[in-house]
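According to TrEMBL:
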- 249-266: compositional bias 'Basic and acidic residues' (COMPBIAS)
- 176-225: domain 'STI1' (DOMAIN)
- 572-611: domain 'STI1' (DOMAIN)
- 149-176: region 'Disordered' (REGION)
- 237-284: region 'Disordered' (REGION)
- 43-76: repeat 'TPR' (REPEAT)
- 111-144: repeat 'TPR' (REPEAT)
- 295-328: repeat 'TPR' (REPEAT)
- 434-467: repeat 'TPR' (REPEAT)
- 468-501: repeat 'TPR' (REPEAT)
- 502-535: repeat 'TPR' (REPEAT)
- 1-20: signal peptide (SIGNAL)
Amino acid sequence: MFAYDPIALTVLLLVLPVYNEFSRTRTNKPTTLRRKTTMAAAADEAKSKGNAAFAAGNFTDAVRHFTEAINLSPNNHVLYSNRSAAYASLNKFSEALIDAEKTVELKPDWSKGYSRVGAAYLGLNNYNDAVLAYRKGLKIDPNNEMLKSGLSDAQSGQGRGRGRGPSSSFGDAFSGPEMWAKLTSDPRTRTYLQQQDFVRMMQDIQKNPNNLNFYMKDQRVMQAFGVLLGMKWDTRTPEEGVKMPGGSPERKRRAESEPVKEEKRAGYKAQPVPQPEPVEVSEEEKELKERKVLVLKEKEAGNVAYKKKDFENAVQLYSKAIELDDADISFLTNRAAVFLEMGKYEDCMKDCDKAVERGRELRSDYKMIARALTRKGTALVKMAKISKDYEPAIETFQKALTEHRNPETLKKLNEAEKAKKELEQQEYFDPQVADEEREKGNQFFKEQKYPEAVSRYTESLRRNPKDPRTYSNRAACYTKLGALPEGLKDAEKCIELDPTFAKGYTRKGAVQFFMKEFENAMETYQAGLKYDPQNQELLDGVRRCVEQMKKASHGDLTPEELKERLAKGMQDPEIQNILTDPVMGQVLGDFQENPKAAQKHMKNPLVMNKIKKLISAGILQVK
């Protein structure tokens, strides 16, 4: 076995100039590559802050963070896209358009950039250009639902522009995506959007602005109405503390403390306080309002029954709600959830399909459509018996993610793909066929037809992925073909499946030897000898590694070999860590300047091990 004499090392160790050069350069400024890496990391951090601010509704902060990220990474199209969305949420549609066009300029084949351009044009009421932008995006991604929805909004805007009279601004306040953008960007109404009853009321008004009459008593709706019309009013009642113009606290207290003096003038008659005229509501509108109240009552009762696992009753209550109001697809998705719990998967999928179809007609929230698709995908997974049964489920989950990227849906997609793969392996598993394919591979290997051998070994592993012999044989093929990383991976898998199989160690050691990682190859061969001490291949591998390590440590290398060895060693993270270790820096310095101190260092086994690695890498030489 090859060993180092500590005394000889102390006297004869020569530290190569490469170490001194490394020591000098690591105190200099970072390299261009390191600066780029640092800037990219800073840009990602700023982007993450911008995303967090956007999600929290802090759009001004989001713009600031995205701007910081753009300054660090000016060619990143995603950053311009994100800042465009933040500007649009602040109703700064001109700035949003500039960023959106920059996004398209940087990434013309990215459909989302055209979606940003279209949204900006919509905000500027430039419906013609919005239509053109959405159509360009659909040429790239014809199935993108967001682009389809935006195109529909833009075309609706064109229609309103052609047929709109001077009195249509009231209805326009509730039309299109601009309504939700305004409510989101205003701090007075942003929190209301988290309240489902408010969202339903606004959706109802959006469908028919005349329905505003039903909700005028709701202060949140009136506050939202003022925001949409650009008016600022306070919806609180006088009892809630509204300060009336000209009414200072002192005057108010004085007025309350003084008795009201009756007018003594002859003929004086107090004028009655004018009362607001009642709003006339038709019988049809009254019936509609009563029906909505009844629908919500049925839905809430259904929710209670579902939580109690009273599924039969929940189905009846949701069905009654659907009969009363088919414009709310949440009733369908709720009933689908009940059917899913009851194991009635076909009924669940029918409700989900109806919800998606009806939701498209009503232009419902994308999240609701995504929920219906996710429930359908879950039902398909429950019904899956063979690997092919998972394909429609996976496709359905993918459609749901195009509507709304929900983490729960993504998790279900990953689980379905994993289950499909596992079933495929089980269905394909056949040890007898695997042995036949391996034998075919062996024959090709003997004939030196290595690509054909790899193909047969791969088929054998598909039939039986737990056979270490096949991994060992394929690793040998990869080594012959010069595909060393693939060979190393197969050798490691062979050892993982059977740690006592000596062939795995000979394959791995051979790959590492050809990669000129002699120290690692030596460790691999020695690990194999623990299980088979007399294995000649392993012993020969150790001998070859010793020869190469001696050759490197004594400087018996050609200049080209030395240069290649040093370059490889300097790329090794372990070698870099040793050279940047201040303790090792002192040790190596003592070898050059203070042999007596160096003698003490050699008694430390950790220091000795690191020096051996530097010698093996060609960084140090023994002469």
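Cβ from N, Cα, C; glycine included.
Remember, TrEMBL labels are computer predictions, not curated facts.
Just so it is clear, the model here is predicted, and its values are computed rather than measured.
If you look at the repeat 'TPR' (434-467), the same-chain residues 6 or more away from its ends with a CB under 8 A from one of its CBs are 425, 428, 473-474, 476-478, 480-481, 497. In the predicted model, the repeat 'TPR' (295-328) has a mean pLDDT of 88. Remote same-chain partners of the repeat 'TPR' (502-535), defined as residues 6 or more beyond its termini with a Cβ less than 8 Å from a stretch Cβ, comprise 468-469, 471-472, 475-476, 479, 484, 487-488, 490-492, 494-495, 541-542, 544-546, 548-549, 552, 564-565, 568, 612-613, 616-617. Counting residues 6+ beyond its ends, the repeat 'TPR' (43-76) has Cβ neighbours under 8 Å at 82-83, 85-87, 89-90, 106, 184-185, 190 in the same chain. Residue counts for the repeat 'TPR' (434-467) under DSSP (helix as H, G, I; strand as E, B; rest coil) come to 27 helix, 0 strand, 7 coil.
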